[in-house]
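Colleague: Structure incoming, see below.
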Amino acid sequence: MNFKRPRGTADILPEDQPYWGHVYDVASKVANQFGYHRIDTPTFEDTNLFERGVGNETDIVQKEMYSFEDHGGDLITLRPEGTASVCRAYIENGLHNLPQPVRMYYAAAMFRYERPQAGRVRQFHQFGVEAIGDASPEVDAEIIELGWKYIADLGIKNVTLRINSLGDAEGRADYINELEKYFLSVADQLPKVDRDRLTRAPLRVLDSKAKETQALANAAPKSIDFITGEAKEHWEALLALLDNLEEVYPDFSYKVDHRLVRGLDYYNRTVFEFEPSDVSGSQGTLIAGGRYDPLMGILGGQETPAIGFAGGLERLILELKKLELPVPSSKGPEVVVVTLGGAGSAGAALASGLRAASVSTVLAPKRSMKAQMRFANQQNASNVVILGDREVENGIASVKSLGEGGGQAEVSLDAASIAAHVLASGNQ
Ligand code: ATP
Ligand code: MG
């Protein structure tokens, strides 16, 4: 028998964990800097939640969900994204009673049945943030700033921020009419997928991946020319706030892109994406988000404005590797215990004593002295404690520092003395 992991999934081996630890650490650090608190929701939800919350017309619901009937006959789906779940949790737990907006973040696995390729897998991971309960453009700017700070703190440079406004539902009908008219007038030049899209979801033709369509989309009517009233004020205020961000963050800039519409049905007003400027050999969008004021109502809650984003951790890690950016390496143990001759059980007892004193300690495999020293170096240990028959008899251990200038000392063979010695030398 020859088991393989399912297509589009990955084993994240210990050697790759420094990258994962880093993207999670920076995510929670930046989220905390902006006052966002972690939320965890279940890995699976009622299928209905995503059908309503993500939208029946979306690619996700149409062809990407992992859905099944469980043994009790309930229809269940492995979450394809985080926003619907966070909104469900907000409603179910009465979070509207808290001071608004409620600022939350998550970092979790998502599941979509897609054609696997670099940066596009079936189980992937997102860092996402949501600010729920505040309609003001300051919150839009805050969310965009948070996404920017995350990418910048990871050290990723040359990222383009594209933004657009879809306006509100009322104004959008006019816009979609005009858009449809325009694309119908050039329908004979559209590929079949986009002619089909045009009848189902005209907005989605704008972000088509087909070259022919893109050229036509560039000349299409723009939603920002159709927004009026509060949506227009909101958009203009947001642009002014983003101009302020350019003062604070020297590398920050944004581009208004009227072709940006996003794939989920519930977005209104602000939508944005962060993309590497050099997309050659890369996977496109790193972080995508937008305002989704209608969603709470769609899910049966009271009308509550909200905005958020989600970033793909696989894609961010690919970018870190492509740019050869350093990540903190995993820390080695403070002590590797090397034993020779009959000192094995004394070594095991010492290792236990050191761990009990909260000194990280690994026992070297019983081999030659040379092999054990090589093991200690491979483990990236700070010190080795060497025990042979003579040391055990005399009650003295030899402690060797593997760090710079690595000295050697004779220390009384008891866990407390050795713990004190390695902690003191580690603190110098
Ligand atoms: P795409 O157009 O690339 O399919 P999307 O619009 O479906 O993206 P969102 O639902 O907005 O993506 O998800 C936000 C982010 O999550 C994306 O920008 C990307 O970084 C990441 N992401 C989405 N789907 C995948 C996937 N299958 N594998 C890896 N990362 C993904
Ligand atoms: Mg997708």
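Cβ atoms here come from the backbone N, Cα and C positions, even for glycine.
Annotations for this protein, taken from TrEMBL, read as follows:
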{"type": "DOMAIN", "residues": "35-328", "note": "domain 'Aminoacyl-transfer RNA synthetases class-II family profile'"}
{"type": "BINDING", "residues": "Glu81, Gly82, Thr83, Arg112, Gln126, Glu130, Arg262, Tyr266, Tyr267", "note": "L-histidine binding site"}
Colleague: Which secondary structure state does DSSP assign to Gln126 (L-histidine binding site), in the simple three-class scheme?
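Modeller: DSSP call for Gln126 (L-histidine binding site): strand.
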Colleague: Let's check the environment of Thr83 (L-histidine binding site): how many other CB atoms sit within 10 Å of its CB?
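Modeller: The Cβ of Thr83 (L-histidine binding site) has 25 Cβ neighbours within 10 Å.
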Colleague: Should we count any of the binding-site residues Thr83, Gln126, Tyr267 as near ligand 1, judged by a CB under 6 A from one of its atoms, and which?
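Modeller: From Thr83, Gln126, Tyr267, counting a Cβ under 6 Å from ligand 1 as near, the near ones are Gln126.
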Colleague: Tell me, how many other CB atoms lie within 10 A of the CB of Gln126 (L-histidine binding site), whichever protein chain they belong to?
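Modeller: Excluding its own Cβ, the number within 10 Å is 23.
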Colleague: L-histidine site residues Glu81, Gly82, Thr83, Arg112, Gln126, Glu130, Arg262, Tyr266, Tyr267: biggest Cα-Cα distance, Å?
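Modeller: Binding-site diameter by Cα atoms for L-histidine: 21 Å.
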Colleague: Given a separation of at least six residues and a C-beta threshold under 8 Å, show me what packs close to Tyr267 (L-histidine binding site) in the same chain.
Modeller: Leu166, Val261, Gly290, Arg291, Tyr292
